[in-house]
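My questions will all concern the structure given below.
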Amino acid sequence: MKKIHIKTYGCQMNENDSEVAKFYLEEEGYEITNNENDADIVILNTCVVRKKSEDKFYSHIGELKKQNKIIGIMGCGAEKEKEKLFKRGVKFVIGTRAIPLIPQAVERAINGKKSAIFEDKMDEIDYKKILKRNSKHHAWITIIYGCNRFCTYCIVPYTRGREKSRKMDDIINEVENLAKSGIKEVTYLGQNVDAYGKDLNDGSSLAKLLNLTKDIEEIERIWFLTSYPTDFSLDIAHEVANSSKITKNIHLPVQHGSNKILKKMNRRYTIEEYIELINDIRKIVPDASISSDIIVGFPDETEEDFEKTVELVKNIKFERLNLAIYSPREGTIAWKYFEDNVPRIIKTKRMAYILNLQKEINKQLNENYLNKTVEIIVETKAKSGLYYGRDIRNKIIAFEGDKSLIGKKVLVKVKKTTAGPLYGDIIKIL
């Protein structure tokens, strides 16, 4: 039987999709290998949120062609490029909701035939059977597919489709089975995770799902992302406040500090409304760790607009910030109607300014951890040789350890702080 390697680009949802694809391929007898060189077939699970990520997978296709590998494409790149990928030597293209049909595409490719499959088969996935995960203690769990927001810069609604929630019972059954298999942490995923349940019309919601999940004894920590400000219910904040299992990290992308730019982005809230929401969350969850996303250099962004973003970053003091320079994505509203009129040199300068500002904020916030004892779940070994884990506020703490600690709760006393990771010594294994 042919050996298959799956290379995953992009978001955590792609990670989960790759796990699902591996399940279906192994069910049909294919061998999954972590070594691309050993594989007869290489499937790229692609991302096109930014041009850089799209360029990466196209470059990878070129390398694989030289090796005469059978190439398959899944993920958002498959949805965006579709049959155009055949011109690059790709043998099959699988849409984001057609993963259960991937063995059929592989079989056809082995027999020299091309496939482009874009059917919606997500309702056929029996997630409770998919117990094999990339981590032995943590699982990504997609609870809602797609997005209805249509931000003008974003390709996701076109590649992932409209919002579609999974049944709550199905999700809980999956978590219970994963818990029995040794999983201790779960992360609920959605392009707009707060919208979970709204399309089901049966009372399902993210807050209710979190409430049910915390009662599963073996599950020690529950994460969720990514949130959209106008869909974030304070019921979610109350669940976070009332449970020691639900993480205090709330990722709430703002994207910009100027109302003019937010309107142009079709973000559907004002900066005043965003700040009010953050204040409300912090009243309910005083130790909440708020992280966010910001885009610099969006069309028509003036120096005044940029300064409003700077002021926002200074005032909110995000624990973490994902920064991106705007790049037009073909097929989006911004690509079609807005001129990309902020010079690259100015975009780069603005990006660097906020990056340095955020580093200073991180450094100040992290100093509060010095000499404190923190409970973390150990994740893996870093390139530095140190092991690391995260606390309930998503702080990364590195320490001397060994692989027997992976997946375990430990107490670490913080001895050193930086703008990035914290460093400490193990006090106790829990």
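All residue numbers here begin at 1 and follow the chain in the order shown.
The backbone N, Cα and C atoms fix where each Cβ goes, glycine too.
Okay, these came from Swiss-Prot:
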- 2-111: domain 'MTTase N-terminal' (DOMAIN)
- Cys11, Cys47, Cys76: [4Fe-4S] cluster 1 binding site (BINDING)
- 133-364: domain 'Radical SAM core' (DOMAIN)
- Cys147, Cys151, Cys154: [4Fe-4S] cluster 2 binding site (BINDING)
- 367-428: domain 'TRAM' (DOMAIN)
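Context for these features, please: burial, neighbours, distances.
In the structure as shown, the Cβ atom of Cys11 ([4Fe-4S] cluster 1 binding site) sits within 10 Å of 20 other Cβ atoms.
For the domain 'Radical SAM core' (133-364), the model gives a mean pLDDT of 98.
In the three-state DSSP scheme, Cys147 ([4Fe-4S] cluster 2 binding site) falls into the coil class.
Applying DSSP to the domain 'TRAM' (367-428) sorts its residues as follows: 6 helix, 33 strand, 23 coil.
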Applying the rule Cβ within 8 Å of the centroid of the Cβ atoms of Cys147, Cys151, Cys154, what extra residues of the same chain belong around the [4Fe-4S] cluster 2 site?
Arg149, Phe150, Tyr153, Ile155, Val156, Pro157, Gln191
Quick one: pull the CA-CA distance for Cys151 ([4Fe-4S] cluster 2 binding site) versus Cys11 ([4Fe-4S] cluster 1 binding site), whole Å only.
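Cys11 ([4Fe-4S] cluster 1 binding site) has its Cα 18 Å from the Cα of Cys151 ([4Fe-4S] cluster 2 binding site).
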Quick one: pull the CA-CA distance for Cys147 ([4Fe-4S] cluster 2 binding site) versus Cys11 ([4Fe-4S] cluster 1 binding site), whole Å only.
15
Just the number: how many Å between the Cα atoms of Cys47 ([4Fe-4S] cluster 1 binding site) and Cys154 ([4Fe-4S] cluster 2 binding site)?
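One finds 12 Å between the Cα atoms of these residues.
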